[in-house]
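Working notes for the structure below.
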Amino acid sequence: MASGKATGKTDAPAPVIKLGGPKPPKVGSSGSVSWFQAIKAKKLNSPQPKFEGSGVPDNENLKTSQQHGYWRRQARFKSSRGGRKPVPDAWYFYYTGTGPAADLQWGDSQAGIVWVAAKGADVKSKSNQGTRDPDKFDQYPLRFSDGGPDGNFRWDFIPLNRGRSGRSTAVSSAASSRAPSREGSRGRRSGAEDDLIARAAKIIQDQQKKGSRITKAKAEEMAHRRYCKRTVPPGYKVEQVFGPRTKGKEGNFGDDKMNEEGIKDGRVTAMLNLVPSSHACLFASKLTPKLQPDGLHLKFEFTTVVPRDDPQFDNYVSICDQCVDGVGTRPKDDEPRPKSRASSRPATRGNSPAPRQQRLKKEKKPKKQDDEVDKALTSDEERNNAQLEFDDEPKVINWGDSALGENEL
């Protein structure tokens, strides 16, 4: 989207949303979809969303009186062999007087519509904010400074400065989290924007108290970042991230079981309770810097004291006995069982090593569909689905009770 310097006064409409791209979108856009990314129901047939705050996405370019609109339900489907399969609904935000329900007054009752307004908004007025042209602009990430939707809904947290190459960076794309190699915009963020991101991230973290989820791309990044900042992602062996276990030198913690299971081993979670935080390591350690041919080596010496009256004292002692210089060993209760000896009885029909003859399974014929149109999506549904980001659940790894401190990610 080319940008140019203004030469005097102009009758062109003012920009609506300050999004950090070369030129923000203008009022009266010819698009037909929401400016914002969707919130998505976690289950089929979820009730309509309720919000902790006003329910209006943050937009610093609008006056308080203009902060009102509606959330509209969007039914979603996936193509499958047997036809089309419904998936949980998505809900999109539109300002009053725009979008599919542009002819409604604020508060008019209609199925699949939830009206929202900020305190002090003039709901009798209609907005001239227009809608988005998806061929020109990406979706704008959702931010709720006063509280987001209830726990029946989710949305993906996207940094405001993340954009897509080859298209306008006026709006950060929800799809960018599926491609971490895409370059983010290099514009500076204001302190207020950083604070807003922190608040939004906290809201999402609060909604996901039952357990965080990490994508495969994020896990790969965790395992290959700078060595001193690495963490062991789910499904990884310790040696994949920090190298083979040793004895008597650095890397001497972990027996064979811990190395194989990584953070699944409960002993990891236990011992991480004793590991110093970054600040403790920096300010409470004995730090010894040493210049070497390959660079500056920093040695941190820190002592954690576990009182003898600690309820877990014996467990910590046991874990240290097992895992310090533990390479080549396993816990006693995890020793592999010896294989049972082969039977010396003569082979009979019952115990013969020859495989039994299997019955041939009948091939299932695909069911005929009375309505062939039902097998494919309609053109409207194809267009709607094309607008949706993160339709499918991303390939994620259940993190469970995190073995990492909140400052480690």
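Placed from the backbone N, Cα and C atoms, the Cβ positions cover glycine too.
Taken verbatim from Swiss-Prot:
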type	residues	note
COMPBIAS	15-31	compositional bias 'Low complexity'
COMPBIAS	70-83	compositional bias 'Basic residues'
COMPBIAS	164-179	compositional bias 'Low complexity'
COMPBIAS	180-192	compositional bias 'Basic and acidic residues'
COMPBIAS	341-355	compositional bias 'Polar residues'
COMPBIAS	358-367	compositional bias 'Basic residues'
COMPBIAS	368-384	compositional bias 'Basic and acidic residues'
DISULFID	C320-C323	disulfide bond
DOMAIN	31-156	domain 'CoV N NTD'
REGION	29-160	region 'RNA-binding'
REGION	226-333	region 'Dimerization'
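Secondary structure of the compositional bias 'Basic residues' (70-83) per DSSP, as helix, strand and coil residue counts: 0 helix, 12 strand, 2 coil. In terms of DSSP secondary structure, the region 'RNA-binding' (29-160) contains 6 helix, 44 strand, 82 coil. The secondary structure of C320 (disulfide bond), as reduced to three states from DSSP, is helical.
Across the residues of the region 'Dimerization' (226-333), the predicted structure has a mean pLDDT of 91. Under DSSP, residues within the region 'Dimerization' (226-333) fall into helix, strand and coil as 43 helix, 16 strand, 49 coil.
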